[in-house]
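Some features that TrEMBL has for this protein:
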TRANSMEM  12-36  transmembrane segment
TRANSMEM  56-78  transmembrane segment
TRANSMEM  99-122  transmembrane segment
TRANSMEM  128-149  transmembrane segment
TRANSMEM  253-272  transmembrane segment
TRANSMEM  284-303  transmembrane segment
TRANSMEM  354-383  transmembrane segment
Amino acid sequence: MAPQSSQAPLEFGGPLGAAVLLLLLPATMIHLLLVARSGPARLLGPPPYLPGLEALWSPRALLLLLGWLGLQAALYLLPARQVAEGQELKDKSRLRYPINGFQALVLTALLVVLGLAAGLPLRALPDMLLPLAFAATLTAFVFSLLLYLKAQAAPASALAPGGKSGNPIYDFFLGRELNPRIYSFDFKYFCELRPGLIGWVLINLALLLQEAELRGSPSLAMWLVNGFQLLYVADALWNEEAVLTTMDITHDGFGFMLAFGDLAWVPFTYSLQAQFLLHHPQPLGLPMASAICLLNAVGYYIFRGANSQKNTFRKNPSDPRVADLETIPTATGRRLLVSGWWGMVRHPNYLGDLLMALAWSLPCGLSHLLPYFYIIYFTALLVHREARDERQCLQKYGRAWLEYCRRVPHRIVPYVY
């Protein structure tokens, strides 16, 4: 009998799908940047123009990007308030990770405040988004190539389940090595939350400052978008340890998919609402603003409550906050929560995420589809991620997972999906 392959089933359409995404994702990001500043701002229409190389390439933008990555790397290396252990690896070891992402956010904010006081022209940043996005894309390609080459010397135990297909395009896209490191510097963990998320709120701030310069003061809609998204980023970095149990860290290799997503896609597409508002100001009254704030608060309450409950249970099932919750035993020795937030739907944190995504888009009004790209894309992403989660949990927990699905039949939205 032939030995069974440890390669996970191919995802994203296999090598052909990976090749398409290598081109489609950067092209989509550039398209969004172009149409956000155009008059019609049509999401589904052609861009107002096709930029030439002179509009995309800027040595200054590349230096700014590399300087930003260097700053965040330096903040990563500062002493951490705590060091956490990751999940157990194939060789039974556990990697250690500094928990200082929120510290990096605060120190970055202090540096920005000092820079603005000294005359830092941050409001000029929105005019450089296109070359900065292009520089981030080039950096992601080069970085992913170096990661792919580094993985050739990695032992089999260090490779990700999906990164051993043998097809170079597919493995380049998905990532071969699970936790690529140089000494204690973990590239995937560093990129996951820091340069992209902090860069996202910095771009938002620059857009707010430019709007204040153009119109005398930032609009209420711009304030809401900045505030909502800053809360989301601050929450992610305050709860940084929770990322150690996510699929990105425990399952996916570090290749172009995550490198481009972290370094380019997140800061330049997640700031789309603020980009839209700068070029297409929208009136927003206090009653509607209050309703949008309530929607964001409900989404955040569900998102944070579900994630905190899950993380508390994973760390200590005997914690008084979760000890009374009903569970299902599994063959692995772990137990599945079947009450509380996780008895409502199988992915309550995704529901909270989607409600917040809607709240981020509503300040942009209803006249354009473009600001709603994020929630459309994010819905597709979470549905796809939920399907990946389901497959892995079924494989890992077997009958216990089937029982959980029977007890909790809805995936993300109660009584709908």
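Just so it is clear, glycine is given a Cβ too, placed from its N, Cα and C backbone atoms.
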Establish whether the number of Cβ pairs under 8 Å between the transmembrane segment (12-36) and the transmembrane segment (128-149) reaches at least three, counting only pairs separated by 6 or more residues.
yes
Residue numbers, six or more beyond the limits of the transmembrane segment (284-303), whose CB comes under 8 Å of its CB atoms:
219-221, 224, 228, 231-232, 235, 341, 348-349, 351-360, 362-363, 365
Between the stretches 99-122, 253-272, 354-383, which one has more Cβ pairs under 8 Å with the transmembrane segment (128-149) than any other?
253-272
Can you name the far-off residues of the same chain, 6+ from the ends of the transmembrane segment (354-383), with a Cβ under 8 Å from a Cβ of it?
32, 35-36, 41-44, 220-222, 224-225, 228-229, 232, 269-270, 272-273, 276-277, 280, 282-284, 288-289, 292-293, 295-296, 298-300, 302-303, 347, 412
